[in-house]
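Chemist: Starting off with a structure, shown below.
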Amino acid sequence: MRFKLPLLAIGLEVAMIVLFALFVHYETDHNVHQQINTTTPGAVDKFLVSYALFQDVHVMIFVGFGFLMTFLKKYGFSSVGINLFIAALGLQWGTLIRGILHHHNQEIHVEIENMINADFSTATVLISFGAVLGKISPIQMLIMTIIEITVFIGNEYLVGEIFKASDIGASMTIHAFGAYFGLAAAGILYRPGLRKEHDNEESVYHSDLFAMIGTLFLWIFWPSFNSAIADAGEKQYRAIINTYFSLAACVVTAYAFSSLVEHRGKLDMVHIQNATLAGGVAVGTCADMEIYPYISMIIGSIAAMVSVLGFKFLTVYPGHASSCTRFFHWNSSWWRADHRFNSKATYLGTAT
Amino acid sequence: MRFKLPLLAIGLEVAMIVLFALFVHYETDHNVHQQINTTTPGAVDKFLVSYALFQDVHVMIFVGFGFLMTFLKKYGFSSVGINLFIAALGLQWGTLIRGILHHHNQEIHVEIENMINADFSTATVLISFGAVLGKISPIQMLIMTIIEITVFIGNEYLVGEIFKASDIGASMTIHAFGAYFGLAAAGILYRPGLRKEHDNEESVYHSDLFAMIGTLFLWIFWPSFNSAIADAGEKQYRAIINTYFSLAACVVTAYAFSSLVEHRGKLDMVHIQNATLAGGVAVGTCADMEIYPYISMIIGSIAAMVSVLGFKFLTVYPGHASSCTRFFHWNSSWWRADHRFNSKATYLGTAT
Amino acid sequence: MRFKLPLLAIGLEVAMIVLFALFVHYETDHNVHQQINTTTPGAVDKFLVSYALFQDVHVMIFVGFGFLMTFLKKYGFSSVGINLFIAALGLQWGTLIRGILHHHNQEIHVEIENMINADFSTATVLISFGAVLGKISPIQMLIMTIIEITVFIGNEYLVGEIFKASDIGASMTIHAFGAYFGLAAAGILYRPGLRKEHDNEESVYHSDLFAMIGTLFLWIFWPSFNSAIADAGEKQYRAIINTYFSLAACVVTAYAFSSLVEHRGKLDMVHIQNATLAGGVAVGTCADMEIYPYISMIIGSIAAMVSVLGFKFLTVYPGHASSCTRFFHWNSSWWRADHRFNSKATYLGTAT
């Protein structure tokens, strides 16, 4: 029994190494020379821009998501520790699956963009993780990581390549998908007996401050998340600006509604830790479009409002952790429905 | 009564959205094409450099200032939570006011530099916030944010555009201004009865470690703060180098003087959390000039010395929080007087 | 007695300022114009890339190493506070010594690369610091900083310039050197009486979460550490990719072995905080070579394995802190032996 986890993890890592040996190469010299060449400055830029944006996303995945769930006083180690474990496994698997699907040949050529996409594919598992924290064993978590990333990349391929829907910040494919997958997993793992373990779902003063580390690094770098894979130039610039203002408006509205719904007008740390990020998710799908800053701010404000009200008034499964994820992403799923139309419009727009 | 805060916040956000709809646009296609164009690599650079520096400043504003004040054991949430609230509101207001003042036309064209300046304008409020933490209600805080940013941007315009004084790291306009504004506000809010609430102003072990997160991120990225709006090239390079060495010398001197003035030669965490940053403020005004690294180090050392001695021997209003801000910025105000001459010299220098 | 530390620190800082005044200048206008010129975009890039990588390394040094040792519940302030002190002193001294050795003339011209190397030279002291934390006074620490950086830079010059060994991530010169130096210092400072102070070497729940801040920022930015001084282009790109995958494989293997050797299959936070980083150290020496990602992953996995087993089964000096450093770096020293051959091969390779 106690050897199950180590043997599974070692087995998976050995499999990764074998698959990497067979399929994964550097960008070939020819391609590298075109892309990374000190005598062609434009190409160097692209490499370096990508790396700076990659590092912002990397901080979000490992510090942001890692600390976001530390507010549960008994799951601090699980949150930050298991987050690192599954993200490290997931990025290897994501590199492979995405490489196989997107390159259509015998070799996967790794460059910075693959690393950004590998990090993205772990994000979906980390979002689902929030819904099942405290209900799932590390072994189940590893299996869920492998399955979810495979399904995610298939779905992303479908949305992006077949339907050609616009989803630059991956709000649909990462956030809504991750939330639903997590809810489904939580539903399967749900046992009524767990209802009593309510005391594990409280937070203490310092654990809430640790969670703020996660929140703030996610909030700060979200413009990089939404622009990391956008086309360089105007689209990337608009993705940054739109996300910046959407998040700012989202914070003000989240605080206002938190104070409105809470007892005696106090602020609730759970709203502050989660609803403040809803603006980044909500604007994600259309961040690179010419929607103007004030529309971004309206999107961010509505996202914050829906997120706080969802936290407060909707609870399907018992427990803080699951409700947390659910209503953070209920919000994003609400937006998904809305953006389905936006996406279609964009599709028509880009097709023109 | 309990609806005051939410209604004020919602009202302000609605006003922001309306004003943004009326005035704020992206950089027009024409301008963007000149500035952000993948076929003209030099232009791409500028965009990307700016974004990397912006993200450093962004971390300082939200993680740096947010965690700096968490050392007060009962104000951890207030510090990091209200910091996020007022900074998110302030950056929207700052974008508007600065845009109106600096563009002199009907439209504000937002680019990365506007985002850096919007973040800068919130810094001044966050510094004042340190002086009034625990004495001010969130409602008063919101009103102070709107007023202070308006006055700050007017003052900055006066100093930079009319007097043409050099203040690249904005030590005068941001730090000294923010400190005095905060002291004035604390003076107005000061009531003798608060003298007894001294126990709220203590720190506990872990709250001091949280504060070090703020200190370290401010310390690390201060070279970016002082160089973010400097002219690309030599001036930006000098601003980085000078700030780097000023901060290094500042730390060594701050530790030496902390040990010198403390009981039995021990180090005081309050000095370490604050005086180590004085070098960044002090060198700010002249960071882009050719002052040579050793002069930066002398400036950093004197700043640390004045800051530690100020903390230790000067206390005007009672209370840790206010004294904290005061003497951190007493230092910068001391420098302000000094730099008034420097600035004049620079003015003559640049006029030549 | 109580004036020893402040007087030593002030004396050192005054000496630094005098030496900087005599030797340290900016890159001269002529050189700067070649390197940092907005009209030659390729040159601007180099400057900016370097600065982004420098900031990643800067975060590792001050936040990463600073918080890594906070897991010792009574040494949280010492860890993060003394780390800042010795790193700030060390980077000034490192700039001087390295400048004198590498420029062979009367003037040291500071640019971003000098700042990266100055930060690097402090890393070796911070690694040694881990072995002596709780056994050493601040005065001894300052003296050790000055001595160790001098020896380190001499050794680095020998390895890099005379032997021309490849060591791009400085695994040998920084990590193995720092570990051995620290062990030697711990051996000198070791007194049997300290064996009883075992209770100071425990961790508490929150101190382990603080340590994870250090671990995660080191882990995230290690690709920047291993590529910061690599040749721009292909080599830098390979150093990033190899380190990224080595670290990912290292995490999965470290968790597997931690669970394997621990009681009832539980995970040990000390392994997670340290063994997860072994992959970055291990791949450092050869990160810029064309070793292919799967070899990086094998290196990372073996490093994790050796690190966890070393922590578990080898204890030479008593105490958590010293064992911690020792076996984290036992691992790197093990690799050192191995890489001596790699290095030779590289030497032959580059000589061809």
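From the backbone N, Cα and C atoms, a Cβ is placed for every residue, glycine too.
Any TrEMBL annotation is an automated prediction that lacks curation.
According to TrEMBL:
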- B:15-315: domain 'Ammonium transporter AmtB-like' (DOMAIN)
- B:6-26: transmembrane segment (TRANSMEM)
- B:47-69: transmembrane segment (TRANSMEM)
- B:75-94: transmembrane segment (TRANSMEM)
- B:139-158: transmembrane segment (TRANSMEM)
- B:170-190: transmembrane segment (TRANSMEM)
- B:210-229: transmembrane segment (TRANSMEM)
- B:241-261: transmembrane segment (TRANSMEM)
- B:291-311: transmembrane segment (TRANSMEM)
Chemist: If you average per-residue pLDDT over the domain 'Ammonium transporter AmtB-like' (B:15-315), what number do you get?
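Modeler: Average per-residue pLDDT within the domain 'Ammonium transporter AmtB-like' (B:15-315): 84.
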Chemist: Hey, would you say the transmembrane segment (B:210-229) packs against the transmembrane segment (B:241-261), going by three or more CB pairs under 8 A that are 6+ residues apart?
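Modeler: Answer yes: the transmembrane segment (B:210-229) meets the transmembrane segment (B:241-261) with 3 or more Cβ pairs below 8 Å.
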Chemist: Report, as numbers and ranges, every residue of the chain located at least six residues beyond the transmembrane segment (B:6-26) whose Cβ falls under 8 Å of a Cβ in that stretch; write 'none' if there are none.
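Modeler: Beyond its ends, the transmembrane segment (B:6-26) has Cβ neighbours at 32, 89, 92-93, 95-96, 99-100, 106-110, 139, 142, 146.
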Chemist: As a test: from B:75-94, B:170-190, B:241-261, pick the stretch that has the greatest number of Cβ pairs under 8 Å with the transmembrane segment (B:291-311).
Modeler: B:241-261
Chemist: Which bits of the chain, at least 6 residues beyond where the transmembrane segment (B:75-94) starts or stops, bring a Cβ under 8 A of a Cβ in it?
Modeler: 9, 12-13, 16, 20, 61-62, 65-69, 115, 117-122, 125-126, 129, 133-134, 138, 141-142, 145-146, 149-150, 153, 200, 207, 210, 321
